[in-house]
Amino acid sequence: MAPGIIVPEPAVSQESTNTLASVTGAYDDTLRFYLNGTKVVLDSADPEVTLLEYLRGIGLTGTKLGCAEGGCGACTVVVSQYNPTTKQIYHASVNACLAPLVSVDGKHVITVEGIGNVKKPHPAQERIAKGNGSQCGFCTPGIVMSLYALIRNNDTPSEHEVEEAFDGNLCRCTGYRPILDAAQTFSAQKGCGQAKANGGSGCCMEKNGNGGGCCKDGAEGDSQPIKKFTPPGFIEYKPDTELIFPPALRKHDFKPLAFGTKRKRWYRPVTLQQLLEIKSVYPSAKIIAGSTETQIETKFKGMNYSASVFVGDIPELRQYNFHDDYLEIGGNVVLTDLEDICRKAIKHYGDVRSQNFAAILKQIRYFAGRQIRNVGTPAGNLATASPISDLNPVFVASNATLVAKSLDKTTDIPMSTFFKGYRATALPPDAIIAGLRIPVAKEKGEYMRAYKQAKRKDDDIAIVNAALRVTLGDDQRVETADLVYGGMAPITIAAKKAMAYLQGKKFTELETLEGVMNALEEDFDLRFGVPGGMATYRKSLALSFFYKFYHEVLAELHTEEVEVDEQAIGEIERDISYGEKDHKAAEAYHQKVLGQERPHVAAMKQCTGEAQYTDDIPLQRNELYGCLVLSTKAHAKIVSIDPEPALDLPGVHAWVDRHDLSSPEANWWGAPSCDETFFALDEVYTVGQPIGMVLADTAKRAEQASRAVQVVYEDLPAIFTIEEAIAKDSYFNHFRYIKTGDTEKAFEEADHVFTGIARMGGQEHFYLETQACLAVPKPEDGEMEIYSSTQNPAETQAYVSKVLGVAANKIVSKVKRLGGGFGGKETRSIQLAGIVACAANKVRRPVRCMLNRDEDIITSGQRHPFLARWKVGVNKDGKLQALDADVFCNGGWSQDLSGAVVERAMTHIDGCYSIPNVHVRGRVAKTNTVSNTAFRGFGGPQGMFIAESYMEEIADHLKIPSERLREINMYSPETNMQTHFNQEIKDWYVPLMYKQVQEESEYSRRRQDIEEYNKTHKWNKRGLALIPTKFGISFTALFLNQAGALVHIYHDGSILVAHGGTEMGQGLHTKMTMIAAEALQVLQADVYISETATNTVANTSSTAASASSDLNGYAIWNACQQLNERLKPYREKLGPNAQMKDMAHAAYFDRVNLSAQGFYSTPDIGYVWGENKGQMFFYFTQGVAAAEVEIDTLTGDWTCRRADIKMDVGRSINPAIDYGQIEGAFVQGQGLFTTEEMLWHRASGGIFTKGPGAYKIPGFRDIPQVFNVGLLKDVQWENLRTIQRSRGVGEPPLFMGSCVFFAIRDALKAARAEFDEHSVLSLQSPATPERIRISCADPILKRAWVEPQEGEKSFFVAI
């Protein structure tokens, strides 16, 4: 959502209250709707409660809270309603986190629980579960409901409709491919029994071309409909068995409603007259349509609208009419319907006269997600007056007229005069936006186009957008021109100088183009520090959009006078994505259970909403909600803290701070350095540092009270970036080095010595479930139970015992499952758990807290940004001789695990390459930013990025292909198999996979094709890259490489397993039950893992480092071997096919112990820093990936056309789980190196990218269009001594996402060469559209370049 400053509305005055009462006195106050087929009548609805809060409050916890801003889709439900625009029933997917409860009157709300359960799932739930489309499962209910909405509205959607159905949903685990594959089984093609995909001769849709019609339309053949194809083993989808739209709702009497509390009044008029009456007596009443902006203002900006009017149920505002020369739409037509209206308008008026409607349609396509488009309206867009609205430029450029209505008059306002200033409009205070009149284009001589560029294609706010229109006379001279831009000023703005210049000019003369470009430079003379940043990029987009428009119009004019730049026309379009996996990879080592592809054990529960996460635990008696009070300064002294204003508010129970801890020492935490405090002392060191916690009887009241706590600061100087830290010598006391060989001598003898800088940004974990904790104090001996969303139950137990001043044996820390972790809950979850435990101990009542997305991001740390200064010696033949590097990471304000992260980066700085002489040094920069922490890869990806960066640049210097340089320098038995930290590499298959990936992906042919393509395409360029990886598996802290397990066999033959690992979507519990089932020779269904808890398995290591299957798997195997030994006599006695229940029964009566504790510690390892000896890692997981991209150099837009991955995971325990890990890690890695950019706001020192609105993880349509994954097979792993000879797979594939980055760099080399720029490109990560565009070398970019004035700094900071 666009950031905005809105003046709080005045409270309802007594006089206004009386007048409002007179207008709304007869309004009803009862809410009537249906929920999952059951009628609900509420007499006392709270106007501040969202639909999500209501659903979770009544126990329907399948619907999740992921971001509270409508950006992730975790809260998606379906609201079925009679649509007054289309006059049909429509099943709308909506964000329950934004929808006010009072907006569902007269509608049918359907949640994930309402469509199926584990015993009887809906086909959508079943196919996603069995198709491995659910890992952590937190996003799954929302994805299921988006798919459900699609097939309820259209039971034979096209493949394209399926692919676009999830544009409002995000998933951080799966990489999206399995979800799309499951969803496509419902599509018209894949769902057709005749389709090639289903073994048929070809669906008619395939034969007649994409969407070329259906056999049912043809005259020939059987007129019987083809039976829908159901994949083997799946439930058939029968639309006639769905929940019906309740007949009573068809007759529902929409009455005007009025609800209210002391804080807030809510009105729901049902006629335009009623609305205008309210507006006339109370002009400042907040008008709400979709609530997509209002909910964000109240939730994140603390705004309070004392009187709100919901206008979504006024049919008069949702109509449309085709007139001869304009289309009239009601102001409150929802955007989904506007799409449909525009399509009808194009049919009605024809293509030429419908250019305005085609432009609207194009902009809506990428406008937010479907859930937002189902409730958002043009009037809402206009009234909020966002400077980056996608629709407003089109309305202005098309010369639309806004119809404003008040009780006594109707005013026509030309759109060109509507926007007055930042978030200010010409709408009279007592008027509403009743409608819009959008002109039809002229039959001849009028041209209109719309453009948009964002960080991500789908569901993203624009960086810059534009609607450009000209009308030309018969002599091609410009009669009128409207060049309207968003994102270039505080308002939607016309390029006045460029428009004035165009008047009367002959459009087909090149001087016209040049003159407009000059005028645009004057219109948009952005300064370097412009609010919103990206001055050069934004200016270049303004020019590029016009350049594209100019040539698109020329192409339509078919002019001979001037050469048309055909290649500037159009934009990158994606094909329907697909992918292949090698499902036979593990056949050679299949066992009864191990090696088989099995779905995630909890997948069906996750798909039906039955899986329980921390915040789904039912409310405890007397429970209170906590809300953190966080520092708003990057570095400051705390002058005073006054919680009294908060304590005076209703429902507030207590203020908790450092004085409530068991001792001053108990405030300190952190591993390995105990240098962080739960509560700030006299100074704060970062924005988001906890100061205290407010406890109240509801989460909303706690949140409101937290804003009332008054903290006075005295500012101190702050450091943000690594470069600033280096300049000020600000480091943590942690220095490491690795030295082998003689680098100085090698540099002297080398043929070439090259130097460079590698720089990469951080990454937000963006697990869909934010940090959450519930602390339940017990009445005896200081006992407490902690339910925490943590990867580290043992450390949670240790620090909670310290906070409370009791022994660890009084604290039980429990984890059922996590909605994603990725390292972000390894240590950072301790902070919340300690504070919540302290609060519960103070009030002796249960306390719960789940962080909002913005709180989570500013408190819980990210992946470490890195900076490396490297120097490499290389010979003429391309052989590397020496590497010298200084490596710095940004640790933030406390050390956390930063030391270990920089150490791992240093051990991976060789990549897959043998370098005889290495000297690498690592430091941790100390800054005033959030404390950075573990994140999937843990420094490994940063180290390998440095390696691949110097490889790319050296290849360019030497003018040899980078693929060849990599091949020449790979570790090999012929040259060297010993790393720079003196570890021998065994079972080395990277060279083999490097060859296989090139062959299987036809790499050399595609390289030639790309070279040909780039020769003939000026603005669009393609690139290709091939990247290997080796990732060391083991905790680098030796003591952590251990695990315990407890296995119970019960009388009935069922088996309960407990181990030290937590389930966070990676399928650990699935693999562990398979190991136990194989070991005990039982069915996997007979083995169950309930939870991870410190009272069943003690002293556990965190679930991290990709070692959890190795460690816990062997511990379980060890326990099972003990049990097998005890059961051996019974197996001999009862025969080889004896049932476990019979053996267990007999053993029990013989008083044999049927419980066993297993243990495992990793052998051989133990590296000594400084001495550079001892084994660092138990083994290396290896892989190779190739990627192909296409970039549009005029805009910086790009797409990944194809990716091919080959991974050596040893003998896979479960290939389905491993494929899920590989795909998910690859896409997360692609995000790290492309779309995911962490930005700080320089003025406030706080993180700007603190939610899905500003921070862009990859979406469904960002994944490779062709996505192929295979596992290495037909080799022997002679030295691999792990469970089943499998390799850890969680982290290693992440770095392979960098092949997309290096493919972009490859494309950029071609783009630069097009304009004779041949200098070596040093490309920073992430390669955002901005960075792609400004790395080009074309004349448009050069004229748009903005240099900082003396002392001028950028608006944003990348740390």
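Cβ from N, Cα, C; glycine included.
Annotated domain '2Fe-2S ferredoxin-type' per TrEMBL: 29-115, in sequence order. Annotation source TrEMBL lists [2Fe-2S] cluster 1 binding site at CYS67, CYS72, CYS75, CYS97. Residues or ranges marked as FAD binding site in TrEMBL: PHE367, ASP390, LYS452. Annotation source TrEMBL lists Mo-molybdopterin binding site at GLN791, PHE822, ARG936, ALA1105. The substrate binding site annotation in TrEMBL covers GLU826, ARG904, PHE938, THR1036. Look at TrEMBL and you will find GLU1291 tagged as active site, proton acceptor.
Projection of TrEMBL feature records onto the structure.
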residue: CYS72; record: [2Fe-2S] cluster 1 binding site; Cβ neighbours (10 Å): 30
residue: CYS75; record: [2Fe-2S] cluster 1 binding site; Cβ neighbours (10 Å): 27
residue: LYS452; record: FAD binding site; Cβ neighbours (10 Å): 28
residue: PHE822; record: Mo-molybdopterin binding site; Cβ neighbours (10 Å): 31
residue: ARG904; record: substrate binding site; Cβ neighbours (10 Å): 24
residue: ARG936; record: Mo-molybdopterin binding site; Cβ neighbours (10 Å): 27
residue: PHE938; record: substrate binding site; Cβ neighbours (10 Å): 29
residue: THR1036; record: substrate binding site; Cβ neighbours (10 Å): 21
residue: ALA1105; record: Mo-molybdopterin binding site; Cβ neighbours (10 Å): 28
residue: GLU1291; record: active site, proton acceptor; Cβ neighbours (10 Å): 26
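When the neighbouring Cβ atoms lying within 10 Å are counted for each of the binding-site residues (CYS67, CYS97), the highest count belongs to CYS97. The recorded positions listed here (CYS67, CYS75, CYS97, ASP390, ALA1105, GLU1291) include ALA1105, GLU1291 as those with a Cα within 10 A of the Cα of PHE938 (substrate binding site).
Cβ environment of GLN791 (Mo-molybdopterin binding site): LEU818, GLY821, GLY823, LYS825, GLU826, SER829, THR1062, MET1064, SER1102, THR1103, ALA1104 lie under 8 Å away, each six or more residues apart in the same chain. Its Cβ taken as reference, GLU826 (substrate binding site) is surrounded by 25 other Cβ atoms within 10 Å in the chains shown.
Within 10 Å of PHE822 (Mo-molybdopterin binding site), judged by CA to CA distance, lie the following recorded positions from the set CYS67, CYS75, CYS97, PHE367, THR1036, GLU1291: GLU1291. In this structure the residues listed as binding Mo-molybdopterin are GLN791, PHE822, ARG936, ALA1105; their two most distant Cα atoms lie 12 Å apart. Within 8 Å of the Cβ centroid of the Mo-molybdopterin site, not counting the listed residues GLN791, PHE822, ARG936, ALA1105, the chain contributes GLY821, GLY823, GLY824, GLU826, ALA934, PHE935, PHE938, MET1064, THR1103, ALA1104, SER1106, GLY1290, GLU1291. Between the alpha carbons (Cα) of LYS452 (FAD binding site) and CYS72 ([2Fe-2S] cluster 1 binding site) lies a span of roughly 21 Å. Calculated from their C-alpha atoms, the gap between the residue listed as 'active site, proton acceptor' and THR1036 (substrate binding site) amounts to 15 Å.
Cβ environment of PHE367 (FAD binding site): LEU335, ARG373, GLY376, ASP390, LEU391 lie under 8 Å away, each six or more residues apart in the same chain. Cα-Cα distance from ARG904 (substrate binding site) to ALA1105 (Mo-molybdopterin binding site): 11 Å (rounded to the nearest whole number). Break the domain '2Fe-2S ferredoxin-type' (29-115) down by DSSP state and the numbers are 15 helix, 31 strand, 41 coil. In this record, substrate is bound by GLU826, ARG904, PHE938, THR1036; the longest C-alpha to C-alpha distance in that set is 17 Å.
Taking the centre of the Cβ atoms of PHE367, ASP390, LYS452 as the FAD site, the nearby residues of that chain (Cβ within 8 Å, site residues left out) are GLN363, ILE364, ARG365, TYR366, SER389, LEU391, ALA450, ALA454, ALA462, ASN465.
Pairwise Cα distances among PHE367, ASP390, LYS452, which the record gives as the binders of FAD, peak at 10 Å. Distance from the CA of THR1036 (substrate binding site) to the CA of ARG936 (Mo-molybdopterin binding site) is 15 Å. CYS97 ([2Fe-2S] cluster 1 binding site) sits 35 Å from ALA1105 (Mo-molybdopterin binding site), counting Cα to Cα.
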